[in-house]
Amino acid sequence: MTRIIVVTSGKGGVGKTTSSAAIGTGLAQKGKKTIVIDFDIGLRNLDLIMGCERRVVYDFINVIQGDATLNQAIIKDKKTNNLFILPASQTRDKDALTRIGVEKVLTELIKMNFDFIICDSPAGIETGAILAIYFADEAIITTNPEVSSVRDSDRILGIISSKSKRAEKNITPIKEYLLLTRYNPRRVKKGEMLSMTDVLDILQIPIIGVIPEDQSVLRASNQGESIILDINSNAGCAYSDTVNRLLGEERHFRFIEEEKKSFLRRLFGR
């Protein structure tokens, strides 16, 4: 059975698209047929992060408006088997995204036997965000450990509970998970960031992953590669743990405590 997962947030710049790409790639690595859809009409960042921007001929809106078939618009990832991308339009009006159009595309993808459909939502409550949430079975709320980011995530939780198809039909609600990004235990210790416990106390939803602040994320993005492919990076390992939890496996949370320096590192001040 296909699982439709929206990756969303109340605030921009929290690593939502990076997370969508990493989770989609990780699921495909596990043998799950996965497609990542960019709902951010007008910006189109997903294909850049996944390194396929030059291969975009048709997009999500072309399919909705009947200018192309889904098979024409879907891009197969060259690095990872089982991984596909449906890019957003960079030039179209955001209102070109319609509920009927999105439902048609999702229904067709389900018929194509995708195991996972990852919906990369724009931040906030614009049309793309509402439609990405509307059809979801599960939601990953991406937030930084900062008061403003957590507060905006709380607003998104309200939208998920009231504006989804599941809420309308009064059936099992969307499963909600917290993904905490750019976590820095040293700054938490200094009181410059909220702790994981603080965020959980505020949002009151299960946590699926904690992604540490890591310069490797920017390097991977600039190279058009998903960070999860960098197995030597802390962020890549944390995303891998997140994917395993999404598949029902238990993983302890790494990178949530300040790394203790060895004697030599303390001696030489490194």
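Just so it is clear, glycine is given a Cβ too, placed from its N, Cα and C backbone atoms.
Here the structure is a predicted model, which means the values were calculated and not measured.
Under the heading ATP binding site, Swiss-Prot lists Lys11, Gly12, Gly13, Val14, Gly15, Lys16, Thr17, Thr18.
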Lowest local Cβ density among Lys11, Gly12, Val14, Lys16, Thr18, which the record lists as binding-site residues, within 10 Å: Gly12
For Thr17 (ATP binding site): intrachain residues, at least 6 apart, with Cβ closer than 8 Å: Asp38, Asp40, Asn45, Leu46, Ile49, Asp120
Residues flanking the ATP site, with Cβ no more than 8 Å from the Cβ centroid of Lys11, Gly12, Gly13, Val14, Gly15, Lys16, Thr17, Thr18 and excluding those residues themselves: Ser9, Ser19, Ala123, Thr142, Thr181
In three-state DSSP terms, the structure that Gly12 (ATP binding site) belongs to: coil
Lowest local Cβ density among Gly13, Gly15, which the record lists as binding-site residues, within 10 Å: Gly13
